[in-house]
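Peer 1: Would you mind keeping the following structure in view while I ask a few things?
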Amino acid sequence: MRLLLSIAGLTTVVNALAVRADGNVTSSTAVATPTAWTGFPVPTEYTLPQDDHDFQERKEEIKLKRDTITYVPSIIGETSLFIGGSVGTQIVRQEQAKWIQDLTPVQQDAFREGNASLKAIQDHGGLKTLEDYKILYDGHWSGSVPGGIAQGQFNNFTSDLLFAMERLSTNPYVVRRLNPESDKIPFSVDANNVTHLTGTTLDTLFKSGSLFLADHSYQAEYTAQDGRYSAACQALFFLDQRSGQFLPLAIKTNVGSDLVYTPLDDPNDWLLAKIMYNVNDFFHGQIYHLANSHAVAEIVNLAAIRTLSSRHPVFGLLQRLMFQAYAIRATGEIALFNPGGLFDQSFAFSNVYARKFATDFYPTVAGPFQANYFEEDLRARGLLNASYGPELPHLPFHEDGHKIINAIRTFIGTFVDTVYESDKVLAEDSELQAWIAEANGPAKVINFPSAPLNTRKQLAEILTHMAWLTGVSHHVLNQGEPFTTSGVLPLHPASLYAPVPTAKGGIKDLLPWLPNEQKSVEQISLLARFNRPKIVENNETLLHMFDVKTLLSGTGEAVKAANEQFMIAMGTISKEISTRKFDDQGLSQGMPFIWTGMDPGVIPFYLSV
């Protein structure tokens, strides 16, 4: 039995860079601030600059931070600037030390469980059928991912409804409704097949706003690693008026013979087409989350660090949200996206193309701040309140997300109104206005609200989006989700292991395209290490996002009360999500699997991985 040696090296690599000068690790219950490094005390009460009796000391602190916490070039692609400078580097090392401390028990479990999983499939005689992939999961991974894979994910992996509904749940950031007034049908599909599948024509679906596109054709520009293969799929989906379901219509590979597959093809051909799409989608989800959550939240916060005193209440809130944030990209650069590293070991495309994706998508799709507000993004893609097509029967991402973000908005609204009794007070806050100017200036935040900021509503929107990015959006694509849903084998491999077919028909066995026993366990174990099961017992879940003494004690009774209400709301949402069951049609939220990826009682409040 070959050991999973790729797991063992990560701790050594990260520890080499994650040593604090004093050897200590900051407790997760504190609001980490740079004040420990600048020599200024952590505040016990937050004040606005216009109300501070020692304004000069605030100015000195900010000047020191601006001198010692600087912008340096982006890492892992050309996205946002990273944190540097003498103090900035120490912040990164401190956060890496805490991050590796949290990783270590998960990594140890994953190493042990991975070897047990590999032995189990080898004792079985290897992977001989698609059903054998279940052996890799059954009875394993309870330490690293206690909840296991999502109920229904494996038993229904051939389901077209499952494949389609994943576009509205486990990776909801790609699909969009085609607008008959501004879009074109991206590729043709055999007319007889369309009629058979939909009861109507492709043009009628398009003109009625019932046709949807998920497009990964840009990946045709990428070159797969030796022995790895990938298509660059586009997939069409439609609203079926007969069943009331959101279903797949066709998948186009955009490579080689550029075949177009439909559900009417031979079952193995069609299942392979869905697998090929998922290879593209899996790559997208993992790198999109990096450019959309990490890169965006980091740079907005870095601008705040350089302009807000540690006594500023907004600074205190941001530092809670950004717990451990600067550990992730720095660690990923050396241990995940390094040449031959963990990413290269599993995915079809190397780290070179991960960086290219981040570089290409950050300025256009992933990085714009206001355009990615929760509902704004869904509306822009025609998934919510579309005027040019029928309502989706189910949109699980929004069904859960709108409840969570409304609770976040309520807390943030109280926080902002407590800090600023009027828009006038906000307008007169010199540090806050400097932050907005810095974000639009040296920090180069894309699509950030312009300076000056005039209303409390605008600030509440900014802070709500920051909380959404760090505590919710990130975990839809990362954290435990790839293990439980979006990376479950055999439907979701990180790479193909045989060339994309040049013709349809004649496929008797899909195993040549799928990872073997060793590569399968490597993929599963990598995803297991993304999870953080200890956060529940450590009170680091979304439910506890604002529940930290230093923040609440320094901002007043109204904010404390708002946190209590927030925790009650999160508890209610968590109970609803965690107790989901299938209905009498075998569905949950219109899907043949139970999705719990946004459970506030399980996901972290921060950018965990």
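Numbering starts at 1 and runs along the chain as displayed.
Quick reminder: no glycine exception, Cβ is built from N, Cα and C everywhere.
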Peer 1: Per Swiss-Prot, what member of V145, V174, V602, V609 joins H289, H294, H474, N478 in binding Mn(2+) at one site?
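Peer 2: Candidate listed by Swiss-Prot for the same site: V609.
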Peer 1: Within 10 Å of the Cβ of N478 (Mn(2+) binding site), how many other Cβ atoms can you find? Include all protein chains, please.
Peer 2: 24
Peer 1: Which one is it, among the glycosylation sites N193, N385, N539, that lies nearest to N115 (N-linked glycosylation site) by Cα separation?
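Peer 2: Out of the listed candidates, the nearest Cα belongs to N539.
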Peer 1: May I have the list of same-chain residues other than H289, H294, H474, N478, V609 whose Cβ is within 8 Å of the Cβ centroid of the recorded Mn(2+) site, in sequence order?
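Peer 2: For the Mn(2+) site, the extra neighbours are L290, S293, I328, H475, L477, Q479, L607, S608.
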Peer 1: In whole Å, how far does the CA atom of H474 (Mn(2+) binding site) lie from that of N156 (N-linked glycosylation site)?
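Peer 2: It is 26 Å, counting Cα to Cα.
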Peer 1: Cα-Cα, whole number of Å: N193 (N-linked glycosylation site) versus H289 (Mn(2+) binding site)?
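Peer 2: That separation, Cα to Cα, works out to 36 Å.
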Peer 1: Once near-sequence residues are set aside, which residues in the chain of V609 (Mn(2+) binding site), 6 or more away, have Cβ atoms under 8 Å from its Cβ?
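Peer 2: I328, N478, Q479, F530, R532 - these are the non-local Cβ neighbours of V609 (Mn(2+) binding site), listed in sequence order.
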Peer 1: On average, what pLDDT score does this prediction assign to the domain 'Lipoxygenase' (117-609)?
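Peer 2: Reported value for the domain 'Lipoxygenase' (117-609) is a mean pLDDT of 98.
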Peer 1: Can you tell me the CA-to-CA distance separating H289 (Mn(2+) binding site) and N539 (N-linked glycosylation site), as a whole number of Å?
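Peer 2: So the Cα of N539 (N-linked glycosylation site) lies 24 Å away from that of H289 (Mn(2+) binding site).
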